[in-house]
Structure formats: structure tokens, C-alpha cells
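Features of the protein shown, as given by Swiss-Prot:
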BINDING   S111, L112, L113, P114  (6S)-5,6,7,8-tetrahydrofolate binding site
Amino acid sequence: MPLRLVFMGTPEFAVPTLLALAAHGHDIAAVYTREPKPAGRGMKLQETAVALAAHRLQAPVLTPKTLRTDEALANFRAHEADAAVVVAYGMILPQAILDAPELGCYNLHGSLLPRWRGAAPLNRAIMAGDAETGVMVMKMDAGLDTGDVAMAERIAITDAMTVTDVHDQLARLGADLMVRAMAALERGGLQLTKQSEDGVTYAAKIDKAEAKIDFAKPTRAVLRHIHGLSPFPGAWCELPIEGQPVRIKVLRCAIADGRGEPGEVIDDHLTIACGDGAIRVSQLQRAGKQPMTAEEFLRGTPIAKGVRVG
């Protein structure tokens, strides 16, 4: 029999899993997500990506501010769910909620645990230069991403990949992984393995103060920094335009030939010298503008060889 599930998630990363579980016949008893927030130029309240997907499924949507009250617990228990599936919900579940579903709560986490427990595993894996990452289904416990692991999928991280690329691959793989995990849970065959305590690292939330690019660092470190923060919050530098420093987010780049002083533009194609080589910018964004290719940018704003980037 299909399972009766409570789904808990918020961003676009969680949507494929919600839709896949519904498509495979599971009964989505309720969808928990974060409250609508003001966004866009008009700062109108916008529902989360998961809320919008839940409406398409005609599933009940709940946006509690807390799960730590007696009322919230009673409401959660009233769904009489077999299990809860949690994907980037953005709120810590108290033990009483974890204990409520008969078969437990299962989280889809975007790393190869125990590496990169915490809030920003996709960013940190790229920024650290990891050769691979992945997605795991774990049975949740009271710790921070410390639960027993059920299933995993891996992907390679190449120099060309940004957080967007990793996000999209893992969202698709994760949806399939959770469907398989719930199928195994349904038939009583889901096997769990305790996480190793060797190799534990924590993926701290990204701080905007980290975003400025330091071109004195080695080339590959600069590339990883840029791709690990793309598109949000976006690694940035300042280009002198019409005599004024203008902040530019660098969204994509590649390792290029050439040398110069760190931060020096060394050709007419927005190739910038780093500590031991250079990167060539391929996509960027000015404040208030849409992302554009470096070629498009240079057509309207030529940057001469020898200019220093701040």
C-alpha cells in the first residue's frame, strides 16, 4: 500500500521530490513549508516553491511559525502520517515531531554525510574543491544531520559546475532516491547504516561577507569561490567604469592562460590575473540587471587590458 506522508520543504530543490512522491501514488496528507515572504520589485508576498507545487497537487499547505507548541504537535499528529519526508524545510524539528509518524521522519540531504552536515552543503563542497558530492536519505534524529543513512547517490564536481548545476542534478537524483527509499520503507525493507564519526565537517551558512573575490589566491581557489557562490549571494569584485568602481557579480568563469599582477585584466576578453595564473569571466551580473555573458557586457562596456579589478 502507498504510504500516507507529510511533506516538509521550502525551496525549488524540494519540489521534484514532492512531485515524484505524489506521482508514485503516495498520499500527501499535508505539506509544511515556510511562510510567504515579500519579494520582487513590488515586495509582494510570495509563496514558496513547495507551496506552489502543493497547490497543483491540491494538497493542504501549512505554514506554522513554530513546531514547538502543543497546538502545532496536535495538528501534526492529526495527519496520522506513516512517515514524514523533509527536504530543505528550513526549520529544526523538535523530538516530539520526529517521534510522531509511526515509521519516522526521513530527510534528503545534499552531501555525502558525514561530510558537510549543516546549512550550505552544496556551496561548501564546491568551495572546498571536493571531487564529488551527492545526496543521501537519512532517518532523522535530534542531531544536526546525524541520522542513520538509508541510500545515497554520487556525482562528480567539475571545474565548470556552479551551485546551480550541482543543485539541479542533486534535486533530480534526490527525488528518485526518496521514491526508492519510501518504496523500501513501505515493504519493510529499508536498511539503515550509522554514520561514521570520521570525516565530519560542517557546512556553515553562507555569509555575504565571504563573497568578495580575492584575486591574490590561487587560480583554482578563485574559480571554486566564484562557482560555489553562484548565483547567490554571488562572488563579486569592483570594475572601474567611467571612473567609478562598479560592483559586478561573477557567475561563471574558466581557468585561462596568462599571468599578471593579481586583479589585473590581461587581455580584451575579461581575463583576470590571479595568484598563480588567470581566470576568464564568461558570465556576470551588474546590480539591478539580468545576468549576461562577458561578451555582451564588453560590447556595451569595454574594459581595457591593464585595468585593475578591486
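Please read every residue number as a count from 1 along the shown chain.
Glycine is treated like the rest: Cβ placed from N, Cα and C.
Shown on the structure are the features that Swiss-Prot records.
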residue	record	CB count, 10 Å
S111	(6S)-5,6,7,8-tetrahydrofolate binding site	24
L112	(6S)-5,6,7,8-tetrahydrofolate binding site	21
L113	(6S)-5,6,7,8-tetrahydrofolate binding site	23
P114	(6S)-5,6,7,8-tetrahydrofolate binding site	18
